[in-house]
Amino acid sequence: MKLYLARSGLQVEDLDQLNIIHITGTKGKGSTCAFTERILRSYGLKTGFFSSPHLVQVRERIRINGQPISPELFTKYFWRLYHRLEETKDDSSCVSMPGYFRFLTLMAFHVFLQEKVDLAVMEVGIGGAYDCTNIVKKPVVCGVSSLGIDHTGLLGDTMEKIAWQKGGIFKCGIPAFTVLQPDGPLAVLRDRAQQISCPLYLCPPLEALEEGGPLLTLGLEGEHQQSNAALALQLARCWLQQKGYQDTGELKASRPSLLGQLPLAPVFQPTSHMQHGLRDTEWPGRTQLLRRGPLTWYLDGAHTTSSMQACVRWFRQALHSRERPGGGSEVRVLLFNSTGDRDSAALLKLLQPCQFDYTIFCPNLTEVSSTDNADQQNFTVTLDQVLLRCLAHQQHWSRLHEDQASPEAGGPAPLLLAPRPAHTHSTSSLVFSCISHALQWISQGRDPVFQPASPPRVLFAHPVAGSGAIVLQEAATIHVLVTGSLHLVGGVLKLLEPSLSQ
């Protein structure tokens, strides 16, 4: 990465000008970045924000003042960097050009420096210690969101191994903050910080900051988002103090550290800028609701067991607080996919108590044809591979229902919703070849925005598809949860929110 940076015309020391906030974690690091960026923007600062993955367009990964850079700006910096690297590559080198993520990381550095941002919020890609964003040597502050099991092939198969990787972004003398973690990973983070001489603090929960105040009205969806917001407040406050700002919130009485492992971060009253920043944060694809006529779309890119547990709680709470239809039936649909080395059977088991009437599986392909979907293509897998994986998901789902129906099945799951009348189609599942076909079948032309051409007849060839279409056409309300993959959520948003493709 140092060589790529030098070939692009920058030195590692040049990155110090960006006043970087560096954030890692397994669950919620992107949301924490979004909260942090929006809080600091509310102070009138010009912000840069690098995140991954993108949902609809690759430009989303590089933002200025919260907005993806324009197609013109993306094109300008893309080709400038590409040509510099092409001209300086060494034919004797095994890797003469950087890969996709490294290239975009380099490009983000150039964009932020040339566009003269006041600060840059950088989200770690995978891990931390060996992530290409860790080329940054002098961030202003670092953060660690909730840890969990993910990317085990790269990071290790235990929480402690993963925590060691995440703690790799700590720097000597640079303050860092973490949310409360399980004892083992928290101890690893503490030891890593001590070895590096990094002052590490534990974030107090959001309720410790609000005490019944205005933050209660923020409408943060789910406990996990409140944890992300608490971390973002500490990161933003630390950055402001490091830069000499006075309006950083009045300190409250200090409290002892939790668990005795780490000193507790300051408990303070968030300023009005901070409150407005949290309130105005927009981060699509995470606990997002779209209400369209009889359909309500619930979008959450949960893809680890811990994030899926949070997703199920959010979905359950949203269903509990919904308005009941005056008459007619209510149908629940799950649209799911999972990629990589993730345990899809474990994720599906967590979703089972939500009592879906139909479960739909499809690959992360917006359309069968890849035309006009370049930013959402994955060239590392074939269509056959992703469809076979969808069939494997369907088999896992069927086995879960068979196990539940067996006499040996245990008692009700702790996340079970209120009992519902039995449906003859309660275990029905279908596999579609792309997201568009799945949405056409689910919506049955009843979404006022998503109005594609007449669906192909093959969508109704399967008996379950034919009978289910009638049920969906006659339902008073349809609740659709889309989860398992951020790339799946991105494909759904591309179709349901055409403005995101503009």
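Just so it is clear, glycine is given a Cβ too, placed from its N, Cα and C backbone atoms.
All annotation found in TrEMBL is predicted automatically rather than curated by experts.
What TrEMBL records for this protein:
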type	residues	note
BINDING	Ser52, Glu123, His151	Mg(2+) binding site
BINDING	Arg286, Asp300	ATP binding site
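Residues within less than 8 Å, Cβ to Cβ, of Arg286 (ATP binding site) and separated from it by at least 6 positions along the same chain comprise Gly30, Ser31, Gln225, Leu299, Asp300, Gly301. Sequence-distant neighbours of Glu123 (Mg(2+) binding site): residues of the same chain at least 6 apart with a C-beta under 8 Å from its C-beta are Ile23, Thr24, Lys29, Gly30, Cys33, Phe50, Ser51, Ser52, Thr133.
Most Cβ neighbours within 10 Å among the binding-site residues His151, Asp300: this distinction goes to Asp300. Listed in chain order, the residues near the Mg(2+) site other than Ser52, Glu123, His151 are Lys29, Gly30, Ser51, Pro53, Val124, Gly125, Ile126, Asp131, each with its Cβ within 8 Å of the site Cβ centroid.
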